[in-house]
Amino acid sequence: MTRTSPRPAPKSFHVKSFGCQMNAYDGARMAELLEAQGMTAADGSGEADLVVLNTCHIREKAAEKVYSDIGRLKRADGSRPMIAVAGCVAQAEGAEIPRRAPSVDIVVGPQAYHNLPALIEQAREGRALDTDMPVLSKFGSLPRRRAQGASAFLTVQEGCDKFCTYCVVPYTRGAEVSRPWGDVIDEAKALADAGAREISLLGQNVNAWEGVDDKGRAQGLDGLIRALDRIPGIARIRYMTSHPNDMRDGLIAAHGEVESLMPFLHLPVQSGSDRILKAMNRSHTAAGYLRLIERVRAVRADIAISGDFIVGFPGETEADFAETLALVEEVRHAQAFSFKYSPRPGTPAATMTDQVPPAVMDERLQRLQALIGAQAHAFNRASEGLVMPVLIERNGKKPGQRLGKSPWLQSVLVDSDVALGTILDVAIVSGGPNSLQGVVAQAAAA
Ligand code: SAH
Ligand code: SF4
Ligand code: F3S
């Protein structure tokens, strides 16, 4: 495409993030960066001069979605905004994207988005592509954190070296890298100054985080959590996603000792069958996972366990699947995500023989989700009658309603007009399948 004069510089933008919390974090940081350039956030993609689609490549459906989204950006008068494809599809497909969707102006990978301002300039004249993976340089080139609400994400670790045979993440996000101690502490302080009461530490394998503290001592994620616990204003700390093999003693101990570390652990196991775990290259067994859960519960009896599961991995038999159901029953997950296996280009599992037929996958997914749903509901019902501190994060749909989170990451609806960011004692009246309803505790006692 040749143009005689450059397109006007975009003045407004809209970032749309898909996929995991890491993408949500990256999306927030791209927005901060564009605002620092003087651009303003538009209400939606309809009004924006620049639309950033921050994409996910984890399953086929997620990856294909970007192409239909690009199509929808064309406006009634035939015009379209400047379009940037960011995130994991950008990393995985690179130059293939504008070949399939010529209206794409910018392709920018998850480790290169600090270069967006330069890429936008370039895109005014033609097309711009950057999928380099410089180690961590992006963080140094991004503006200081702005207000993110009561609960904020903070990426501390990126990438993955585990190479589960079904997964694209090691290819889209690169090797495991930990952000330096001081950077993380500074960012947490900035978030606390901007009003965050809760920080969720993020990483593809967040518990693999390692670093050196300001006194030169080697530290793991537990050390980082203990340091964040001392920052004034930060009342709650969470972390996700963890890998069973990186669940070290110090981190387990922290769950019994650090009061601001919330009693919630997202620890994916994927399957309850050792045969399938082996084929997945998970390098842990079902029994090993159960032992870990037992050890965490020994120091924090009330901890809520969450997880991820894949049904229909190549070769999964009904007996293998029954072992997954048995594991879920044994752990009594408070919540969990479950997915149908999706073959991904370039991964070893995609070319394995004995792929499971879609109808079998559908049926297994339904059974697993029914079990997980019933357990989640039971977990919520068990909260009835309890008084718990709730971090108020949003306004409810009706005036005088607030929405917040329990320590166990349950959504709680309460009639109250307190300011967002308040931690309110709430007496739980009812526990539904997806959320709790409660009343302000003093009112309940009166
Ligand atoms: N690092 C994390 C999760 C990364 S991806 C971990 O190891 O658990 C999030 C979840 O997506 C995974 O836990 C897995 O359950 C699911 N997932 C990943 N690849 C998939 C695929 N090819 N098909 C279906 N689900 C997949
Ligand atoms: Fe993917 Fe496995 Fe790495 Fe998780 S641990 S990101 S599932 S390769
Ligand atoms: Fe998706 Fe990339 Fe996250 S593939 S799940 S957005 S790391």
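Keep in mind that glycine also has a Cβ here, set from the backbone N, Cα and C atoms.
Mean pLDDT, taken over the domain 'MTTase N-terminal' (11-125), works out to 95 on the 0 to 100 scale. Residues or ranges marked as domain 'MTTase N-terminal' by TrEMBL: 11-125.
Taking all protein chains in view, 21 other C-beta atoms sit within 10 angstroms of the C-beta of Cys56 ([4Fe-4S] cluster 1 binding site). If you look up TrEMBL, you'll see Cys20, Cys56, Cys88 marked as [4Fe-4S] cluster 1 binding site.
Residues annotated as domain 'Radical SAM core' in TrEMBL: 146-378.
Under the three-state DSSP scheme, Cys167 ([4Fe-4S] cluster 2 binding site) falls in the coil class. The [4Fe-4S] cluster 2 binding site annotation in TrEMBL covers Cys160, Cys164, Cys167.
The feature domain 'TRAM' is assigned by TrEMBL to 381-442.
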Lowest local Cβ density (other Cβ within 10 Å) among binding-site residues: Cys20, Cys88, Cys160, Cys164, Cys167: Cys20
Of Cys20, Cys56, Cys88, Cys160, Cys164, Cys167, binding-site residues neighbouring ligand 3, Cβ under 6 A: Cys20, Cys56, Cys88
For the [4Fe-4S] cluster 1 site built from Cys20, Cys56, Cys88, further residues of that chain with CB within 8 A of the site's CB center: Phe18, Gly19, Met22, Asn23, Thr55, His57, Ile58, Ala62, Gly87, Thr172
Annotated binding-site residues Cys20, Cys56, Cys88, Cys164, Cys167, filtered by Cβ under 6 Å to ligand 2: Cys164, Cys167
Cβ under 6 Å from ligand 1: qualifying binding-site residues of Cys56, Cys88, Cys167: Cys167
